[in-house]
Amino acid sequence: MLNFNIFLVGPMGSGKTTIGRYLARITGKNFYDSDREIESRTGVSIPVIFEIEGESGFRQRECKIIAELVQLNNIVLATGGGAVLAAENRRELSQRGIVVYLYAPPKQLYRRTSHDNNRPLLRTGNPLERLKCLLKERDPLYREVADVIIKTGKQPVKAVANEVLRQLRQYKGGAPQRKSFVHVKSNKGA
């Protein structure tokens, strides 16, 4: 049994919400998405929060939500792509569960996000270039906090979730030691 929380980090479009829901279902854990929690509690969408409060206002809300959610037990939490920007979020995630970094290359992220109007940071003339810049800035932070790194590429949700579980099951008898393993799933052609 996986008796620890699973926290998913990674760029927008890496599959955190989709894979997180699937992981929660097959492990019997409760699923939370920090962005959806923010929307639910404010009653408005993320783009509206960005319009009214700017990115800094949104990040403050995100820190509060993450600090609250990581106190729960038996959960899978999909964080927003920029959650790792705040040192307190990285600390909270590291201390309260196992952090899985879902990595995908920028072109794959672009294909997954290009038709989603709910992503204020991609409202730019060149969303692919913006994704590349965001990944360059955030990748070191994702890697810093990650216990496990999984390359999602073009793999189906079930395959990625099963790879996450395979890695997590290597820990037997309680919560794992941080940084005990890191695995990058190769996916040639992605």
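Every residue, even glycine, has its Cβ placed from backbone N, Cα and C.
Over in Swiss-Prot, the protein carries these features:
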BINDING   Gly13, Ser14, Gly15, Lys16, Thr17, Thr18, Arg119, Gln155  ATP binding site
BINDING   Thr17  Mg(2+) binding site
BINDING   Asp35, Arg59, Gly81, Arg138  substrate binding site
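Structural mapping of features recorded in Swiss-Prot.
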residue : record                 : CB count, 10 Å
Gly13   : ATP binding site       : 22
Ser14   : ATP binding site       : 28
Gly15   : ATP binding site       : 25
Lys16   : ATP binding site       : 28
Thr17   : ATP binding site       : 18
Thr18   : ATP binding site       : 16
Asp35   : substrate binding site : 22
Gly81   : substrate binding site : 23
Arg138  : substrate binding site : 18
Gln155  : ATP binding site       : 19
In whole Å, how far does the CA atom of Gln155 (ATP binding site) lie from that of Gly81 (substrate binding site)?
20
Using DSSP, would you call Thr18 (ATP binding site) helix, strand or coil?
helix
What span in Å does the substrate site cover, taken as the longest CA to CA distance among Asp35, Arg59, Gly81, Arg138?
18
Here's one to test understanding: among the binding-site residues Gly15, Thr17, Thr18, whose C-alpha is closest in space to the C-alpha of Arg59 (substrate binding site)?
Thr17
Given the binding-site residues Asp35, Gly81, Arg138, which lie close to Lys16 (ATP binding site), meaning Cα to Cα within 10 A?
Gly81
Do me a favour and check the Cα-Cα span between Gly81 (substrate binding site) and Gly13 (ATP binding site); whole Å is fine.
9
Other same-chain residues whose Cβ falls within 8 Å of the Cβ centroid of Asp35, Arg59, Gly81, Arg138, the recorded substrate site, in sequence order
Met12, Glu62, Thr79, Gly80, Gly82, Ala83, Val84, Leu85
